[in-house]
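What follows is one structure encoded as structure tokens, with my remarks underneath.
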């Protein structure tokens, strides 16, 4: 009986290890991100969930090879624990500015360094910790979009991690 207990405990530590890497707020934010990606709400992120997520971001022609490569990053089905583990491994030792910039880059498949104001505003007001209209107004005052309606997310990332706007050269 003792060996079973020890075995169970070791297994539990293995799965709880990933949860000890993040605080409760971070885990909740990852859970919200997981829920956004898990489009069919079955508790598993699959290829169709990824395709639907890209479509929701305006990227309609994602190649199967690209989706397959993403799915192969996991050793099996991507439930929340696997999702959290994958991010834990990627974020280990990462610079916070790089992490935040990387999150924005997902929304910028063309690598322009900008995203559409309308799209960002929709995300911020409809997903996860929703921004109020006052918060949106303050954001656009701090980070005004250009004449084409594009927002420079690299500057946003810099301010989030350093507190001051980067000098424009």
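Backbone N, Cα and C define each Cβ position, glycine as well.
Look at Swiss-Prot and you will find 2 tagged as N,N,N-trimethylalanine.
If you look up Swiss-Prot, you'll see 15 (among others) marked as phosphoserine.
Residues annotated as phosphoserine in Swiss-Prot, with a large-scale study or a structure entry given as evidence: 16 (among others).
Around the Cβ of residue 25 (phosphothreonine), the same chain contributes no residue under 8 angstroms that is 6 or more positions distant in sequence. For 25 (among others), the entry in Swiss-Prot reads phosphothreonine, with the evidence type similarity to another entry.
Outside the domain 'EF-hand 1' (25-60) by six or more residues, the chain places 19, 67-68, 70-71, 77-80, 83-84, 87, 106-107, 109, 119, 127-129 with a CB less than 8 A from a CB of the stretch. Swiss-Prot lists 25-60 with the feature domain 'EF-hand 1', giving sequence analysis as the kind of evidence.
Sequence annotations record features per position, and here Swiss-Prot assigns phosphothreonine to 35 (among others). Summarising the environment of residue 35 (phosphothreonine), the number of other Cβ atoms within 10 Å of its Cβ, over all protein chains shown, is 14.
Per Swiss-Prot, Ca(2+) binding site is recorded for 38, 40, 42, 49, and the stated evidence type is sequence analysis. Secondary structure from DSSP puts residue 40 (Ca(2+) binding site) in coil.
Classification of residue 75 (phosphoserine) by DSSP places it in coil, neither helical nor stranded. Per Swiss-Prot, phosphoserine is recorded for 75 (among others), and the stated evidence type is similarity to another entry.
The Cβ of residue 101 (phosphothreonine) lies under 8 Å from the Cβ of 153, 154, 157, each of these being in the same chain and 6 or more residues away along the sequence. If you look up Swiss-Prot, you'll see 101 (among others) marked as phosphothreonine, on the strength of similarity to another entry.
Taken together, the residues of the domain 'EF-hand 3' (131-166) have an average pLDDT of 86. According to Swiss-Prot, the feature domain 'EF-hand 3' maps to 131-166.
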Completion exercise
Contact set of the domain 'EF-hand 3' (131-166) with the rest of its chain, CB cutoff 8 A exclusive, min separation 6+ beyond the ends, reads 96-97, 100-101, 104, 107-108, 112-118, 120-121, 124-125
Completion exercise
Around the recorded Ca(2+) site (38, 40, 42, 49), other residues with Cβ within 8 Å of the Cβ centre, ordered by sequence, are 37, 39, 41, 43, 44, 45, 46, 48
Handout entry: Euclidean distance between Cα atoms of residue 38 (Ca(2+) binding site) and residue 75 (phosphoserine), Å
Key = 18
